[in-house]
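Worksheet: the structure to be examined is printed underneath.
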Amino acid sequence: MTGFDTLLPRPVSATPQPGVCAWPAEVEVRTDPDLPAEGYRLEITPDGITLTAADQAGRTHARQTLRQLAGPDAFRAAVIDERPRTIPCGVIEDYPRFRWRGCLLDVARNFRTKAEVLRFVDLLSAHKLNVLHLHLTDDQGWRVEVPEFPKLTEIASWRTGSMVGRHDGPERDGRPHGGFYTTDDLREIVAYAAERSITVLPEIDVPGHARAVITAYPELGPEHENPWEVWTSWGVSTSLLEPSEYTLGFFRRVFDHVLSIFPSQVIGLGGDEVPGATPAHGRLVVDLANYLASQGRRAFGWDEVLDAGALPPMVIGAWRDEAAAVRAAEAGHEVVLCPEDRLYLDHRQSDHPDEPIPVGYLHTLEHVYGYQPGLDDPRVVGVQAQLWSEHMDSVRRVDYAAFPRLCAVAEIAWSPAERDYAEFLPRLRDHHLPRLDALGVEYRPLEGPHPWQTRPDVPPSSHRPLTRA
Ligand code: ACM
């Protein structure tokens with residue numbers, strides 16, 4: 001069954017008309033610069049389809065809407081049923097609520113292959129999300145080749161083992177973990193995403209979350225902590241980059257390379273979780289933000305950077321609380337709302353003992369769907385979900401954590417603010433989950449994990465609801 005009331009994210013307006021249109025159909029494409037950015041109008045009649053959009057993104061989103069109308073099999077990689085199909089007639093007028101509709105994928109803690117990232121781009125596009133925030137560096141691994149600094153890939157891109165589960169005891173799995181993207185891999189990811197109207201925002205995290213890079217180049221770190229290792233623990237490391245001229249020069253050159261790959265106007269420099277940071281660490285962040293500005297870009301930083309000093313205009317990822325978002329907006333920055341207590345999709349999805357792996361806050365699908373961005377300020381450019389990957393050691397686990405909650409995020413980011421979980425749930429269950437099935441997404445079933453999605457091997461240490469790791 002197909003119909004306008006199956007669409008996800010829900011469009012701004014959809015008016016059914018009598019009749020059906022044979023599918024696949026010729027689509028006449030028109031441009032109307034007066035439509036909103038990324039918006040589109042679809043007129044579906046028994047005689048054919050007219051797609052009008054202001055820009056490429058609008059055309060992309062309209063095509064995704066048509067795909068949804070064509071039924072779940074349209075999400076398979078090949079046609080499996082040659083019988084003629086139809087889609088319903090009517091008019092859809094649609095545009096996004098927010099211009100930044102993001103998802104962070106942490107490929108530093110657990111590497112995702114290039115093929116897996118490309119697949120994830122497809123999944124974002126299917127949900128009309130438009131920013132892929134790639135968290136490329138952390139204590140546990142550095143994932144981007146920088147030819148000038150070969151030890152980043154020789155040393156920093158792998159670790160000897162990983163912490164088992166979330167209990168920070170002595171247990172390690174003893175299995176090396178690693179991987180990195182070459183410059184050409186990243187160019188390919190960027191181009192693939194751009195074809196789908198998605199911007200890839202790279203993040204190089206400073207001055208914390210830096211053990212991997214310090215292991216490769218110990219002169220970047222505090223002397224007394226030698227010898228270094230790419231971290232095999234999760235959690236917040238207290239080791240920070242040494243805020244020296246050398247470190248500043250090193251990271252300028254790293255960013256030079258990153259800028260040569262990523263055309264994104266916004267480039268991430270992290271700045272989060274810096275226990276013991278000094279004013280000199282703050283200056284390093286400010287200097288790098290200014291450097292990015294001098295290169296015609298704008299830095300993205302987590303809300304801790306508001307304490308770093310006098311920053312150039314930035315994009316602030318407000319993750320700790322709404323007060324941080326207010327503070328960032330008042331300081332004249334653009335703000336992306338990334339609240340840990342709503343949009344961290346690595347956090348557990350139910351309180352049931354079978355739920356793998358019980359980190360963080362309880363974020364049920366309904367809880368995520370109920371998030372209403374509270375700050376009504378034009379400097380709030382959007383919302384973003386986070387997939388931190390400490391406990392996601394395979395793409396199957398990323399699927400499990402992301403879906404179907406990312407469907408709820410898509411609707412928060414795209415659809416008009418008024419929404420009703422009682423209306424969303426059957427639309428998701430009866431119409432959208434079959435699309436995810438056709439795509440081969442191993443989402444969390446609404447009633448709870450499949451047996452093979454549970455993790456009885458992970459020690460069930462007590463819930464610490466206010467911490468991530
Ligand atoms: C963060 O969760 N450290 C941004």
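Yeah, the Cβs are placed from backbone N, Cα and C, and that goes for glycine too.
Take the CB of Glu273 (active site, proton donor) and look out to 10 A: across all protein chains shown you find 17 other CB atoms. Under DSSP, Glu273 (active site, proton donor) is assigned to coil, being neither helix nor strand in the three-state scheme. According to TrEMBL, the feature active site, proton donor maps to Glu273.
In the predicted model, the domain 'Beta-hexosaminidase bacterial type N-terminal' (30-95) shows an average pLDDT of 97. If you look up TrEMBL, you'll see 30-95 marked as domain 'Beta-hexosaminidase bacterial type N-terminal'.
Summarising the annotation, TrEMBL assigns domain 'Glycoside hydrolase family 20 catalytic' to 98-275 (among others).
For 284-416 (among others), the entry in TrEMBL reads domain 'Glycoside hydrolase family 20 catalytic'.
The annotation region 'Disordered' is assigned in TrEMBL to 447-469.
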Secondary structure content of the domain 'Glycoside hydrolase family 20 catalytic' (284-416), with strand meaning DSSP E or B: 52 helix, 22 strand, 59 coil
